[in-house]
Amino acid sequence: MKRYLQVDDIGDLKQALKDAFEIKQNPYAFKQLGENKTIILVFFNSSLRTRLSTQKAAMNMGMNVMVLDINKDGWKLESEMGVVMDGDKPEHIKEAVPVIGQYCDMIGVRSFATFESKDDDYSEKVINQFIQYSGVPVISLESATRHPLQAFADLITIEEHKQKERPKVVLTWAPHPRALPQAVANSFAEWMKKAEVDFVITHPKGYELANEFAEGASIEYDQRKAFKDADFIYAKNWSSFNNYGKVLSQDKDWTVDEEKMALTNGAKFMHCLPVRRNMIVSDGVIESKNSIVVQQAANRVVSAQTVIKRMLEGL
Ligand code: CP
């Protein structure tokens, strides 16, 4: 595996789950694979789970790990081509990325959507420059349009908690005070459409995801109808795709609360975290016995380790 950006990069999901559960059962069994190998994790944006879980996964594989907060610790990077660099960015990504590639065997990159240009975000300008110029395999730690390590961990968590062969999984938009990228929702949709689940997306009008992600899912604009008989409720906020990056609603009638969870088939509650309580989800729901957000976060180590193992095997 040379890159991990989207669901197609992992191949068959049943095999990916099998590999993940093998790693979860015996996390140190493949330590020799990473001996004398180094991963550098480059963060353009903040992180708690992705940073720690990917470090832990790489350490479980016997690797050396370096972490770079590029905006804090590195030079500010210019990513435009052919510009006169007389502004506040002293280093070009075209030198910085190949240099980083000299110091490691694989790179993880977190680079969120900036909302400055829909075309730049949806063409994955930044992470594609890492793929083009680094000379080593690249793992997305959340790019402008996708969060594939999160979606893989979500699938592992659903597989562990499902009570029936084909559960009903509902992705619900929920309110948030700021404009958030669509990446988590996009990836979750991309993975659920390939998984053995009945998948429904519910959101207010105006919050339609890009066609490539929404197409093939059932879309239900009535949140209560969508929740009926659901086995998993996955809450997430995202900003508008069509009215790019805009917050169109902060309607708290979309907050996931006990009354709405009562419509489900005793559904498990999921969220990628961090989560804003009493905006996205009520205290009662996130603290209920059906909330599996911590188990979900724990599986971030498993998804990252499964991907790193495949990359090490391909070196
Ligand atoms: N879910 C997730 O990616 O968390 P962090 O932003 O804290 O890494």
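In case you wondered, yes, glycine gets a Cβ from its N, Cα and C as well.
Note that the structure is predicted; figures quoted are calculated from it, not measured.
Features reported for this protein in TrEMBL:
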type	residues	note
DOMAIN	7-160	domain 'Aspartate/ornithine carbamoyltransferase carbamoyl-P binding'
BINDING	SER47, LEU48, ARG49, THR50, TRP75, ARG110, HIS147, PRO148, LEU149, GLN150, CYS272, LEU273, ARG300	carbamoyl phosphate binding site
BINDING	GLU142, HIS176, LYS236, ARG276	N(2)-succinyl-L-ornithine binding site
DOMAIN	184-309	domain 'Aspartate/ornithine carbamoyltransferase Asp/Orn-binding'
Candidates GLU142, HIS176, LYS236, ARG276 (binding-site residues) with Cα within 10 Å of LEU149 (carbamoyl phosphate binding site): GLU142
Filtered binding-site residues, from SER47, HIS176, ARG300, whose Cβ is under 6 Å from an atom of ligand 1: SER47
Among GLU142, HIS176, LYS236, ARG276, which are recorded as binding-site residues, the nearest neighbour of ARG300 (carbamoyl phosphate binding site) by Cα: GLU142
For the domain 'Aspartate/ornithine carbamoyltransferase Asp/Orn-binding' (184-309), residues assigned helix / strand / coil by DSSP: 48 helix, 20 strand, 58 coil
Helix, strand or coil at LEU149 (carbamoyl phosphate binding site) [DSSP, three-state]: helix
Most Cβ neighbours inside 10 Å, all chains, among the binding-site residues ARG49, LYS236: LYS236
Spatial neighbours of LYS236 (N(2)-succinyl-L-ornithine binding site), counting only the binding-site residues SER47, ARG49, HIS147, CYS272 and Cα distances within 10 Å: CYS272
Residues near ARG276 (N(2)-succinyl-L-ornithine binding site) in space but at least six apart in sequence (CB under 8 A): HIS176, PRO177
DSSP three-state assignment (helix, strand or coil) for ARG49 (carbamoyl phosphate binding site): helix
Cβ-Cβ distance under 8 Å to CYS272 (carbamoyl phosphate binding site), same chain, at least six residues away: ARG49, HIS147, GLN150, ASP154, VAL184, LYS236, GLN296
Site extent for carbamoyl phosphate, whole Å (max Cα pair distance, SER47, LEU48, ARG49, THR50, TRP75, ARG110, HIS147, PRO148, LEU149, GLN150, CYS272, LEU273, ARG300): 30
